[in-house]
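Taken straight from TrEMBL:
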DOMAIN    17-241  domain 'MacB-like periplasmic core'
DOMAIN    276-396  domain 'ABC3 transporter permease C-terminal'
DOMAIN    498-692  domain 'MacB-like periplasmic core'
DOMAIN    727-843  domain 'ABC3 transporter permease C-terminal'
TRANSMEM  16-36  transmembrane segment
TRANSMEM  273-298  transmembrane segment
TRANSMEM  325-351  transmembrane segment
TRANSMEM  371-389  transmembrane segment
TRANSMEM  416-436  transmembrane segment
TRANSMEM  442-464  transmembrane segment
TRANSMEM  500-519  transmembrane segment
TRANSMEM  724-749  transmembrane segment
TRANSMEM  774-802  transmembrane segment
TRANSMEM  814-836  transmembrane segment
């Protein structure tokens, strides 16, 4: 039986090659994502490890600022260097100055980066990183000496168009500095690796202290390098025993983990989300494999019956089909793994275009990736092939030897019952995930419910789709005459196969249209929120809401035609010191609080002053706080106690649950930087935006926006996310398209004799191609119609569930709906090209003589 199965495989190489396409793409999607995520994780782990010493001495509470990705004005005095140099086990001590928001402006006048990865500024030194890991190294030129020299990383220099000896333009939003030092050196990693899209500019220590620390004789941190044989933990313990209050020593490993932790958590979340789309692609692949093996087994029914007649048992026949599925799975997994490498390389290039440069990072292939490839490829294929294999074993040998044998289709009634059961199960699961507060793992409830509904519709599709197939058959007959009637009858001949192929496309388009509704509704909700809550005439902000010097706010207030300005800045704290309960802090001037038009439910805005806060009522209720209460919060300067001045209703103008004063944040160790400034113009003022633009013209990352421009800026991230999701869904749709091609191609092979007879009685090649195209279009349009209907249902339900999150507008993009339907027609026509061409080229006599 094994030899017979292998000979059968070799005899049907082309047919089985078609069946591997779906599994190849599914496996490639999974392995490509795994390789890219492993590469991303390793690159950031290595990067953060290269940014810490064996022991890091820092101000107490610096980890709070790092956890919230906010800055801090806290420093360590330079005088500590002598103390640290005397520690037992310390080989060397280096003072480090680190700043963010230090932008390199290219020769074209545009900022390099600045839209995602950090723009780093520092003092240059050659201190080794922890465990002897290579830190940034001078690759060319010399170290900076004096205020007129700078070194930058090699990648940034290339992107900016600078060479050694050129004058470099550097701006810092935090202090509104604009300096033009000479480029005297290029830095990087000799052993490979990169800054992952970040930019880096380093000065000598006195210059860095002047630029980034307002001239203080201090450092951001100290790196203490351990002598050989001295552990990080032991050296950190020695340092803590010698340090004064307000400073602490932590191991380099801990500092690296703290810095990388939030980012790696985000990578894990992103990887999980993308793997969900990979799972969708595999589900679609499963439909295609089931269809493929159903057709292949149907074509081999006489061969398998002969084996039964020669003494093969039912189990041996099933194992024979399963063996073929195993071989297909192995081949598909191997090819998918190779294609996954190509896909991971492509994703790396794509994120590079978005600012995350990983070009210098080698792809990481961990053991889990090939294991996943072969496990998925083999298991999915063998499971998908089991049903047709089982049906094969049920055929009586005498019956199968007849010319007109057909494999028995699953009972339509049984499939309908199964489909209804899955739909009835799935709807409550979605409801629990979306509407039951406190339900654990809400995402899994929703995902499981959506999958159950999709599988239910798929199972019941022969019944659901039959009216559509009959309607299209009648329309084809009316429009295309006898050829259209033949195409309609072919679609109705095997409704299970037709609808199963359409279901693969349905799943991809369901999710695509759900995402279209979510994206369109989210953007409509953003427009509504901005329209109803935009105060003032202009908003001034920087890329990604990063802070800029409060002196800019003061200069904006002095512009002719400005009535008043309202500054807003952000911070981060730990409620009662718990790292699991981080709080987003928002601050503004105490005398401007009434400009926010807040509604108090208790307390009074008149009590809002330094050391007090206003709490949003949902957060206050969750933490059992009322007006007049006090609570502990950990900020960069340490633990503080704040008083609740009042409880206010939710407002989109306040971006966090806790609103305090600018003075309170300054006293907590946060920098004197605003993140947003609202500008109120005087009545009748003209040309105001041009004058405001002049204030920030030396800061390319800070822009002035009116209401329309601000709304467009808020919509932009939604468009980027939706685009990424569409790119991911393309895989599922491509697999579905290949499924249509596959089904049609195998159907042509299956109907070779029938096609020969049609040609013999006068059907032309053109008519034959038209018939195949019509069959393809019916499959594609059926999948599109079901996908759009389910997409509307899922999209509207999700938007209704998210109404409390500020997404109040439900908008169905009719234009995209029509576009998807037109796209389905195009897909149907294109998918039929190769099968139709093959059918038209069949030799008539040989086709008639086909067994």
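Placed from the backbone N, Cα and C atoms, the Cβ positions cover glycine too.
By the Cβ criterion (distance under 8 Å, sequence gap of 6 or more), the transmembrane segment (273-298) is counted as touching the transmembrane segment (724-749), at least 3 such pairs being found. Under DSSP, the residues of the domain 'ABC3 transporter permease C-terminal' (727-843) split into helix, strand and coil as follows: 100 helix, 0 strand, 17 coil. Mean pLDDT of the predicted structure over the domain 'MacB-like periplasmic core' (17-241): 85. Per-stretch counts of Cβ pairs under 8 Å to the transmembrane segment (724-749) identify 500-519 as the leading one among 416-436, 442-464, 500-519, 774-802, 814-836.
Within its own chain, the transmembrane segment (814-836) is flanked in space by residues 505, 509, 512-513, 516, 520, 737, 740-741, 744-745, 747-748, 768-769, 772-773, 775-781, 783-785, 787-788, which lie at least six positions past its ends and keep a Cβ under 8 Å from the stretch.
Beyond the transmembrane segment (371-389), the same-chain residues lying 6 or more positions past its ends with a Cβ under 8 Å from any Cβ of the stretch are 23, 26-27, 30-31, 34, 282, 285-286, 289-290, 293-294, 296-297, 317-318, 321-322, 324-326, 328-330, 332-334, 336-337, 340, 407.
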